[in-house]
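Peer 1: Pulled from TrEMBL, these are the listed features:
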BINDING   Glu29, Asp40, His109  Fe cation 1 binding site
BINDING   His31, Asp40  Fe cation 2 binding site
Amino acid sequence: MAELRYRAGNVRNPGVHKIGIIALGSHLENHGPALPIDTDAKIGAHIAFQASLRCGAKFLGVIFPAYELDEIDHGVHVSLDTLKENVIETLNSAKKFLDIEKVVIVNSHGGNLPLMTELWEIEDKTDLSIIFNNKIISTEGPHAGSGELSMGKVLGILNEDELKNQADVNKYVEVGLHGFKQARENDPNIEEGARDVEENGVYVDEEYGQQLFNLAIDTVIFDVEKLLDF
Ligand SMILES: Nc1nc(O)c(N)c(N[C@@H]2O[C@H](COP(=O)(O)O)[C@@H](O)[C@H]2O)n1
Ligand SMILES: [Fe+2]
């Protein structure tokens, strides 16, 4: 078997070859008329892939299923157990075929946040060191709002003709999670996002979208640096 050149390419520390970056989003979820149903998966994959290009860690693609709270019905999601089992199976496959020992999971869908409580079990069943990176969720603002629209513009996945209809929350109830009363009562962050879209509507700013991406990508690279020190 050939001797692999671990120092080839833009690699500063050959230890990055033990580190994988994988995206976790949602592929089947309404984001108003201006953004596609796989917006979260494409945003997460972009962050994960760009970070892997910059730091040399392995890009492991994107997890297929996604979880969502029952009271937020805007797409097709699986149970938390099903998602957890799929993540364990996928990461074990990366470990087996790519000799990965540490992973950064880049989460780009708010509904996946409860998976953080299962991280200890995922680490236990894969024997991997894992960092769960939610940066983009904490900075992008409301669901299908100005943050996601601006990132959609950067990715070229936005339908500009539908922008004028995006904030018609009585028709597109998922925008800002406007129509999910129970979720708004349970989570002040969701209530804040809904109010923002109801009162201020939405806008697209490509430079803002690029800044959101750069900030998220920088935090993933920082996570890789942390894993290199383990
Ligand atoms: N979809 C969703 N489910 C939850 O359980 C949430 N807490 C949130 N949070 C809010 O929605 C935004 C996420 O939208 P995407 O999932 O990225 O499309 C997030 O920024 C919070 O405002 N969302
Ligand atoms: Fe989402």
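Using N, Cα and C of the backbone, Cβ positions are placed for all residues, glycine too.
Curation does not apply to TrEMBL; its annotations are automatic.
Owing to the predicted nature of the structure, the values given are computational and were not obtained by experimental measurement.
Quick one: how deep are these features, and who are their neighbours?
Peer 2: Spatially close to His109 (Fe cation 1 binding site) yet at least six residues away along the chain are Leu24, Gly25, Ser26, Glu29, Asp40, Ala41, Gly44, Ala66, Glu68, Ile137, judged by Cβ distances under 8 angstroms.
In the three-state DSSP assignment, the secondary structure recorded for His31 (Fe cation 2 binding site) is strand. Within 10 Å of the C-beta of His31 (Fe cation 2 binding site) we count 25 further C-beta atoms, all protein chains included.
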Peer 1: Indicate whether His109 (Fe cation 1 binding site) is helix, strand or coil by DSSP.
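Peer 2: Looking at the DSSP assignment, His109 (Fe cation 1 binding site) belongs to neither helix nor strand, so coil.
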Peer 1: Across all protein chains in the structure, which of the binding-site residues Glu29, Asp40 has the highest Cβ count within 10 Å?
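Peer 2: Counting every other Cβ within 10 Å of each candidate, the maximum falls on Asp40.
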